[in-house]
Amino acid sequence: MRPLPGVPGVAAAAALLLLLLPRARADEHEHTYQDKEEVVLWMNTVGPYHNRQETYKYFSLPFCVGSKKSISHYHETLGEALQGVELEFSGLDIKFKDDVMPGTYCEIDLDKEKRDAFVYAIKNHYWYQMYIDDLPIWGIVGEADENGEDYYLWTYKKLEIGFNGNRIVDVNLTSEGKVKLVPNTKIQMSYSVKWKKSDVKFEDRFDKYLDPSFFQHRIHWFSIFNSFMMVIFLVGLVSMILMRTLRKDYARYSKEEEMDDMDRDLGDEYGWKQVHGDVFRPSSHPLIFSSLIGSGCQIFAVSLIVIIVAMIEDLYTERGSMLSTAIFVYAATSPVNGYFGGSLYARQGGRRWIKQMFIGAFLIPAMVCGTAFFINFIAIYYHASRAIPFGTMVAVCCICFFVILPLNLVGTILGRNLSGQPNFPCRVNAVPRPIPEKKWFMEPAVIVCLGGILPFGSIFIEMYFIFTSFWAYKIYYVYGFMMLVLVILCIVTVCVTIVCTYFLLNAEDYRWQWTSFLSAASTAIYVYMYSFYYYFFKTKMYGLFQTSFYFGYMAVFSTALGIMCGAIGYMGTSAFVRKIYTNVKID
């Protein structure tokens, strides 16, 4: 049987979060070894090939354990725990640069119950994941004959480990020793280890797990180029249309200033100037609105920082590092949420600022944790490795209450004091102006639905690559592409919301705050609709656990993306509205 490649998980976390967890004592974490020093083979998970996210503990199948009982080190980061990485010691005695001849390490007493478990695993194409020095290895459990009547278990693990100096740079597994599963027999499990000198540099040891032909395919490059050209076209179009239109508007309004009162009363007044006394009126439900804007600004900051870190550091080479880094950055950027949310709430005349701070601080964590805990109950029912331990839940709650909330309070106080005063260029009328009738396509609901089409069009190809890396066996590493797509998404979103807002104001409808937010946030609806297509046509998932896991976390991803886009759209549109009303003369 040909050797099976490994797929990297992810390990190491940001320093603050590591303080909450056991510290490592030995060499696996430094990735350096002395001759004949202990090398640990970790058994991680087992599960069906077609459903990457459905995983169970390796020893949930009746595999046996090697004779070695104790090891000198073990560690687990918060990211690993949240991803369901629960490593168990294989019991195999492996030493650095010390070959192990083929030999039996344990024996399975195969009764009918154990045979049925193996048969079920083989029928569903189960394979397992192991780790040596953070390098992943995959092996298949067994196979059936052509008729599907007899089932065979692979009993011999042939490990070939490449080393360069005092570091491990390559691991390959070949599964051999096919043994027929017959009840009431004993099956001997064996292994061997062969050490080979390798020219692979330690920094390049994960290159073999990457798939450049997939991520750097011409379609991927073409999609980036296509989106970039759309940005240039859209920015040029918005600039040309709005500048020409606004110039005409300013000329018309200046001409009206020169008229006497009688001519002005008889004139045909219309357009965005007519709502100058209402355009800066506080939005409806300002507490929720400001909390959403603050959360969206924080998500944008987290996305930007994590992508930059991922471009500088190869986070995909360590188990859980991407998730741990994201949690650390989210906690550290909590003042951003408080600053933008608190200052906006103060400018809109909000008085219950403590309530706004709590809602802003816990809006995203509550959504994520609520979804995760719901899926966790299903995972526990199915005995899946995705079940989050109780201690990890407590750690996440502690981060929310003792890190995120205090930092959010600091940001809120700064926002209210530094930029919480309403300095609008126009006075707000005491009595709201009635909104005139307008054509159906100028209604806010229609604008909201149409607003997300172009932003989604600029990112949907990248969505395919991101989904494939998470839900299938690909490792996403082209974070430069992701940075470009994020920039393109921001520009397209701002341009679209500015155009939508201009049309709305020109129709003398001053309800632009929620419209600008929701028209940009509607991108999330199209992303979630695309996830349905991806689930039914690109995956082979089935069952309650896999379905709830997929659609639950896709809902979280889509909602977070929508809140981020909404905040970006609102911030850009707010600057545009302030600019145009500053430059026009108002009586």
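Quick reminder: no glycine exception, Cβ is built from N, Cα and C everywhere.
Predicted, not measured: the structure shown is a model, and the values here were computed from it.
Transmembrane segment is the annotation TrEMBL gives to one range among 140-162, 324-346, and that range is 324-346. Counting C-beta pairs under 8 angstroms (sequence separation of 6 or more), the transmembrane segment (388-410) fails to reach the transmembrane segment (221-243), with fewer than 3 such pairs. At the 8 Å Cβ cutoff, the transmembrane segment (221-243) and the transmembrane segment (445-467) share at least 3 close pairs (sequence separation 6 or more) and count as touching.
Note: the stretches the transmembrane segment (445-467) and the transmembrane segment (287-312) are not in contact (fewer than 3 CB pairs below 8 A, sequence gap of 6 or more). Among 287-312, 358-382, 479-505, 517-537, 549-571, 287-312 has the largest number of CB pairs under 8 A with the transmembrane segment (324-346).
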